[in-house]
Amino acid sequence: MRGARGVAALTGSGVSAESGVPTFRDAQTGLWERFDPEELATPEAFLRDPKLVWEWYSWRRELVARAEPNPAHRALADLERRVPSFALITQNVDGLHRRAGSRNVIELHGNILRTVCSAERLPREPGEGAPPRCPRCGAPLRPDVVWFGEALPPGAMEAASEAARSCEVFLCVGTSGVVYPAAGLPREAAGAGALVVEVNPEPTPVTPLAAFALRGRAGELLPALVAAAFSAG
Ligand code: APR
């Protein structure tokens, strides 16, 4: 990476696992184990049971608020300072990359620490339940995150695709690589000639695209990778 002009990184919940924020599909801690995704991260679930969805996100928001960036987040922020061009594309909604010092961060799935008025994105009022009300219009608030079936923030995917197509090294860290459109980025990078490096304890659909598949935890491997890349001075 030392000589690379452009580096891009795609991160998933695995990069925050060592900060104590549970991943979604990991066998050990997979939250989906306990809930059917349809029960939580969809507009239909929120309309059907706003109390369950709001309470699950409130619980996760408290976890995120207590979490601290780990060495993986800090290594990516360090890398951004060392290369001429760097883009951090994250599926995570925990805001930990920015808290670690990363600046060029593309949050594909929003940010759980923000709330928005549900009237802006939902076709009708949800049923009775927990969410607080919008101070402007009185509609229930919802987490400012992208639910399954919803559009990504305007421009986010375009910026992410541009970064994937123009980088020389594409890091894919802590993602199961199964949720599109983010999961298409490693192939886009590889197709444009980037060297793909995966950091994950487990193989994923990204692994066949990777020139290097580093098996282990991001909190250990990323600092070592950045140090090795720049140790020659
Ligand atoms: N370091 C690196 N990778 C790790 C670590 C770690 N310490 N711990 C777990 N992982 C890996 C797991 O092996 C798994 O491949 O992180 C990945 C987590 O995968 P998921 O739980 O599927 O999370 P993610 O890929 O981010 O999910 C994508 O799906 O539910 C939606 O919107 C949600 O953004 C999320 C999207």
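Each Cβ is built from the backbone N, Cα and C atoms, and glycine gets one as well.
Annotated features in TrEMBL:
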- 1-233: domain 'Deacetylase sirtuin-type' (DOMAIN)
- Tyr57, Arg60: substrate binding site (BINDING)
- Gln91, Asn92, Val93, Asp94, Gly174, Thr175, Ser176, Asn200, Pro201, Glu202, Ala218: NAD(+) binding site (BINDING)
- His109: active site, proton acceptor (ACT_SITE)
- Cys117, Cys134: Zn(2+) binding site (BINDING)
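This view paints the features noted in TrEMBL onto the structure.
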residue : record                       : CB count, 10 Å
Tyr57   : substrate binding site       : 21
Gln91   : NAD(+) binding site          : 22
Val93   : NAD(+) binding site          : 25
His109  : active site, proton acceptor : 21
Cys117  : Zn(2+) binding site          : 18
Cys134  : Zn(2+) binding site          : 17
Gly174  : NAD(+) binding site          : 28
Ser176  : NAD(+) binding site          : 20
Pro201  : NAD(+) binding site          : 14
Ala218  : NAD(+) binding site          : 28
| task | Would you mind listing, in sequence order, the residues at least six apart from Arg60 (substrate binding site) in the same chain with a Cβ closer than 8 Å to its Cβ? | result | Val21, Pro22, Ile112
| field | Distance check against Gln91 (NAD(+) binding site) for the binding-site residues Tyr57, Cys117, Cys134, keeping those with Cα within 10 Å | value | none
| said: Looking at the domain 'Deacetylase sirtuin-type' (1-233) alone, can you tell me the average pLDDT? | reply: 90
| task | Quick one: of the recorded positions Tyr57, His109, Cys117, Cys134, which has its CA closest to the CA of Ser176 (NAD(+) binding site)? | result | His109
| Looking at the recorded positions Tyr57, His109, Cys117, Cys134, whose Cα is closest in space to that of Pro201 (NAD(+) binding site)? | His109
| How big is the gap, in Å, between the Cα of Ala218 (NAD(+) binding site) and that of Cys117 (Zn(2+) binding site), rounded to a whole number? | 35
| task | Quick one: of the binding-site residues Arg60, Pro201, Ala218, flag those whose CB is under 6 Å from ligand 1, and say none if nothing qualifies. | result | Pro201, Ala218
| Are any of Tyr57, Cys117, Cys134, Gly174 (the binding-site residues) within 10 Å of the residue listed as 'active site, proton acceptor' when you go C-alpha to C-alpha, and if so which? | none
| Can you tell me the three-state DSSP label for Gly174 (NAD(+) binding site)? | coil
| said: Quick check: in three-state DSSP terms, what is Cys117 (Zn(2+) binding site)? | reply: strand
| field | Distance, Gly174 (NAD(+) binding site) to Cys117 (Zn(2+) binding site) (CA atoms, angstrom) | value | 31
| Rounded inter-Cα distance in Å - Tyr57 (substrate binding site), Val93 (NAD(+) binding site) | 11
| request: Could you round the CA separation between Val93 (NAD(+) binding site) and Cys134 (Zn(2+) binding site) to a whole angstrom and send it over? | output: 21
